[in-house]
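So the structure is just underneath, and the comments pick up after that.
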Protein chains: 2
Amino acid sequence: MGTSVSDEPDANESDIHSLPSSRRHTENLPSLYKVGFPPRKKLMSEFTETLKETFFADDPLREYKDQPKSKKLLLGIQSFFPIFNWGRDYNLTKFKGDVIAGLTIASLCIPQDIGYAKLANLDPQYGLYSSFVPPLIYAVMGSSRDIAIGPVAVVSLLLGTLLQNEIDPVTNKEEYQRLAFTATFFAGVTQAALGFLRLGFLIDFLSHAAIVGFMAGAAITIALQQLKGFLGIQKFTKKSDIVSVMKSVWGSVHHGWNWQTILIAASFLTFLLVAKYIGKKKKRFFWVPAIAPLISVILSTLLVYLTRADKDGVQIVRKIEQGINPSSVSQIYFSGSYLTKGIRIGIVAGMVALTEAVAIGRTFASMKDYQLDGNSEMVALGTMNIVGSMTSCYVATGSFSRSAVNFMAGCQTAVSNMVMSVVVLLTLLVITPLFKYTPNAILAAIIISAVIGLIDFEAALLIWKIDKFDFVACMGAFFGVVFVSVEIGLLIAVSISFAKILLQVTRPRTALLGNLPRTTIYRNIEQYPEAKKVPGVLIVRVDSAIYFSNSNYIRERILRWLRDEEEKVSMKDMPRINFLIVELSPVIDIDTSGIHALEDLFKTLKKREIELVLANPGPVVIEKLQASHFMEIIGHDNIFLTVGEAVMTCASKAKEEV
Amino acid sequence: MGTSVSDEPDANESDIHSLPSSRRHTENLPSLYKVGFPPRKKLMSEFTETLKETFFADDPLREYKDQPKSKKLLLGIQSFFPIFNWGRDYNLTKFKGDVIAGLTIASLCIPQDIGYAKLANLDPQYGLYSSFVPPLIYAVMGSSRDIAIGPVAVVSLLLGTLLQNEIDPVTNKEEYQRLAFTATFFAGVTQAALGFLRLGFLIDFLSHAAIVGFMAGAAITIALQQLKGFLGIQKFTKKSDIVSVMKSVWGSVHHGWNWQTILIAASFLTFLLVAKYIGKKKKRFFWVPAIAPLISVILSTLLVYLTRADKDGVQIVRKIEQGINPSSVSQIYFSGSYLTKGIRIGIVAGMVALTEAVAIGRTFASMKDYQLDGNSEMVALGTMNIVGSMTSCYVATGSFSRSAVNFMAGCQTAVSNMVMSVVVLLTLLVITPLFKYTPNAILAAIIISAVIGLIDFEAALLIWKIDKFDFVACMGAFFGVVFVSVEIGLLIAVSISFAKILLQVTRPRTALLGNLPRTTIYRNIEQYPEAKKVPGVLIVRVDSAIYFSNSNYIRERILRWLRDEEEKVSMKDMPRINFLIVELSPVIDIDTSGIHALEDLFKTLKKREIELVLANPGPVVIEKLQASHFMEIIGHDNIFLTVGEAVMTCASKAKEEV
């Protein structure tokens, strides 16, 4: 019946009558009873293995194993340019899917780009530029088939905020743009560097919960920013926090608002939301919300053109530079005070962009089940932004909404990105002038309807249900963004994430174990009220590796368990505690500080005439106990394979003493 | 025979014939087979408990529980002024012990203080000042009975280095001293703040290994600095790294060295080392090395006085300010550019001093077995340095060497510190003039013989044996100090310690499990070569809590195990893998990201027609699985209490499919 008992690491014998039997068996099959020492590794191999697990966890070189040189070269090229990989078996049917998907995301991205550029305080054409070059680069280098590349709301906002802290985008437009390209360049460098140095795992330190909160906060902030265009307000605050935005909104109620603008914006927003709803309800109508923005742009533009509503104060785009991306190589700051600023901003924006892109990539990769090499993916994204920064693009990355549309439209490969960028190219060459009469209100409406999707109530609710601490991180990031600023929100998100890690490694769990009646199973007494304490013996389980960061805590915690127990004992005048059994099953590793903590514990207990007994140390632990000679100090016969055996021996010892 | 098998978390049934029996039992004693859900805690109580474990792990308020107000007040006072606690049952025998110990450490500290002050680039009397006031404060507030308070070598060196990076101690003596007091003030503030805010655990982030390396490096550096006095060199480098020191030593070989100085220094150093050796050999001669420094000071001073060797270029102390500490309140910078510098230096010096003091406190507390409240200890040390900074003292803390002597001399309480400080007081009032002819060479010899003790070969060797990564941290700190500077060494120590933590939380262990023949025990196949894989089933154990920082790695690692296994299988054309069993015994916690990782894993496997099966999830995990509805997704009947059960079910399913 052993099955019954092994639902805890400290599971021991199971048979109710196993006390005697187990003893017998111990003689019968000794081979089974020793803790197996893993074959001692050579230092070098140990070192290389650790290195491999840390930096090459995804084992990128395995295809290269025992392959001819030529093959290796090919594989090498393919790993940097996956297009050579999927390109070979590319066919017409796939192409069809890609074209449809490409056209769909193009129709979605064009109006979004124009709006997002505003968030970054840049002229509309820069949004379009960023949807032309980067997707092409990515299509050649990227390994995700579903991600849709281009400017995204959150990164645009973040970049805009960080940049305008340094330079005023209105008065010093020239410098502002230059700094934007500089930041984009170093964002790319950061991303590529993380990939090359195989430090991709660093972005895992931004927890899912923090991202959810951050995204929602950013969405609210962006939506609030749109009130300017939505209400046709002329003078609007530069700050992004809800308080100052609301102030300048209400401040301009009487003179600032423009009813025609509001009318257009409101009606088209309703249209967009309805389209969104339809798309949600019926999956096969996914294209409705996808093309709705473009339709509303066309309609509203016509409307304004015919009614000349711009004469009545309806603000319009006025002018989008025609033609393809001009070079911006010469504009990047490679010296001076702006260099360092550019680097700082670039790193932040680059990391955030990376987090978003990688999250998307992973999601769809697991949906379609294909391997995604996180690190070479980062190299691709980095290169794309570096090239982008030299062709008048600002930070581009994978867009949640557009990638989803891309996926639903049945994209097969990165070709859909190429199709999109061709469409954007044509737009830049031919139809930008037609945007002249497009009212800003529409862009506002489009952005609002777009960012709403970033607010994920279900996720937040789930986080609340699952992990309260995560929820704190989530809310911290959210309120940080909404009430202070996007970078503060980000800072809060990161620091709370780190705080959690520190907490995890400084304050591990410990549990008091008791005996389940009629068995020799020992369980957490909090979890199993029926578990009974063994008189004269205290059994504590440590639920974590013992490292320098928690060794002192664990030592003191164990002593506290003991102290509390002794008080109880003395009150109920039960037999005093003679043995402290520490169950080590979950302790997978221990370092020098940990060993020292055990030694200190041993000394302290010795002073109090309490015997320290260890139960079930894992392979690594037992190895280190021996290496450190703590085994001799505590004595081999005080280390047991199971709590059950330990208790039995303690009991018999106690008898002898009596 | 269950005992035999429970030496691993994944231990299952034990009886060789337990497959059928276990089934039977499952019907018989169902009560035992459920994973116990701990009684659901209220959010508030859960929150407060976490808070308590984090900041009040040492449970400082327990004495206050159900006590009358007056008693509570008394306890409150006692917790801040332990003297009221031990003072009441203080008696003559204890006093005797304290007096002897006090006199011993006084004789040891006076010459050391004069030397250490030099390390901090301060006049000798400041060393003595720092051995007068701080010990008195500590005696009243501190809770350690054995620690000996005063200036110490490492902190003096660190402070000196950091300060002279800002101000030249020779040309701007005045500002330098003021900044020293400012730094000392904020060092105290830092220490007290850490105590008040109960953030004491922060110092645990400097790992034992890093400290060993840092101390040894500092010792070497300090010894090298002494070559100036030892060889009687006039012009000496300000840098502390070994290269530049050696340069200026060899550079001055022909003209710079002074043979009389060398003679005195060498002979007395030998004397000191012999004394040290005797003390080591016979514990009852501990007082020999303790008083040797004072003796050699007296002898050498007489010698120089009689021979007037100072005329022959033997450098002497010349002058120590007579009289007790002047006030230095007005000298502390509370504004201006030096304020921030003072704060920065203070924080660093304060933390290092704290680490040393707490380490000492813990060591002796566990040797004599008394409880030490880390946080109120920090408050005591902080207050002592704050007061010190106002009475011309620089950062004082617990000294390893003197505390050991104090302990061996049989100190009973902090009164030994009082005795010492009284002796120092008398020294300041009466005999400082007599130090006029004391040769600097002697101080050099004394410091060298003192710091040698900080180099702990055994510890380093042990670290090498136990944990290679710790050894890297140790060596990194060591070489950082020796070849660059003490603060760089410290930086390296801290960053490596952190790197280890990050590694720990990003790259947890996973293991492939196999079946031990003739049992249903499943073990790590690397550890147990005899363990056999189950055809068609892959069993992976995750050896850590699954958090956002490692969830992606764990997911990908499991998939990698699967991929590698599938390759092997296809090569040997064995039955393809239909089931992936993830053993969760060691997984004590999981957060939202972790749940998502499991969901992704589930989806991916589903695509590949592989069934995901969970074995033995812990209470917290199962609770969260349910909260997140992942339990419904994967299906209750795919979660088993043991790997054994899981395998059995998989096997039967496989049969059905056939």
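Note that Cβ sites are derived from N, Cα and C of the backbone, with glycine treated the same way.
Copied over from TrEMBL, here are the features:
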type	residues	note
DOMAIN	B:527-650	domain 'STAS'
REGION	B:1-31	region 'Disordered'
TRANSMEM	B:147-164	transmembrane segment
TRANSMEM	B:176-197	transmembrane segment
TRANSMEM	B:209-227	transmembrane segment
TRANSMEM	B:257-278	transmembrane segment
TRANSMEM	B:285-306	transmembrane segment
TRANSMEM	B:343-365	transmembrane segment
TRANSMEM	B:377-397	transmembrane segment
TRANSMEM	B:417-435	transmembrane segment
TRANSMEM	B:442-464	transmembrane segment
TRANSMEM	B:476-499	transmembrane segment
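With a threshold of 8 Å between CB atoms, the same-chain residues lying at least 6 positions outside the transmembrane segment (B:285-306) that come near it are 104-105, 107-108, 110-112, 264, 268, 271-272, 275-276, 278-279, 314, 316, 405, 408-409, 434-435, 437-439, 441-442, 445-446, 449-450. Most Cβ pairs under 8 Å to the transmembrane segment (B:476-499), among the stretches B:147-164, B:257-278, B:377-397, B:442-464, belong to B:147-164. Mean pLDDT of the predicted structure over the domain 'STAS' (B:527-650): 86. When Cβ distances are compared across the two stretches, the transmembrane segment (B:377-397) makes contact with the transmembrane segment (B:343-365), since 3 or more pairs at least 6 residues apart fall below 8 angstroms.
Most Cβ pairs under 8 Å to the transmembrane segment (B:176-197), among the stretches B:147-164, B:257-278, B:343-365, B:442-464, belong to B:343-365. Between the transmembrane segment (B:417-435) and the stretches B:147-164, B:209-227, B:343-365, it is B:147-164 that has the most C-beta pairs under 8 angstroms. For the transmembrane segment (B:343-365), the list of distant contacts is 143-147, 152, 154-155, 158-159, 162-163, 166, 179, 182-191, 194, 200, 203, 206, 211, 371-372, 374, 377-378, 381-382, 385, 395-400, 403, 407, 487, 490: same-chain residues at least six beyond its ends, Cβ to Cβ under 8 Å. Panel annotation: around the transmembrane segment (B:442-464), residues 111-112, 114-116, 118-119, 153-154, 208-209, 212-213, 215-216, 218-220, 222-223, 226-230, 264-265, 268-269, 272-273, 276, 293, 296-297, 300-301, 317, 400-401, 470-471, 474 of the same chain, lying at least six beyond its termini, place a Cβ under 8 Å from a Cβ of the stretch. A Cβ distance under 8 Å defines the sequence-distant neighbours of the transmembrane segment (B:209-227), meaning residues of its chain 6+ beyond its ends; these are 119, 153-154, 157-158, 233, 240-242, 245-246, 249, 355, 359, 444-445, 447-448, 451-456, 459-460, 463, 467, 470-471, 473-482, 486, 489-490, 493-494, 496-497.
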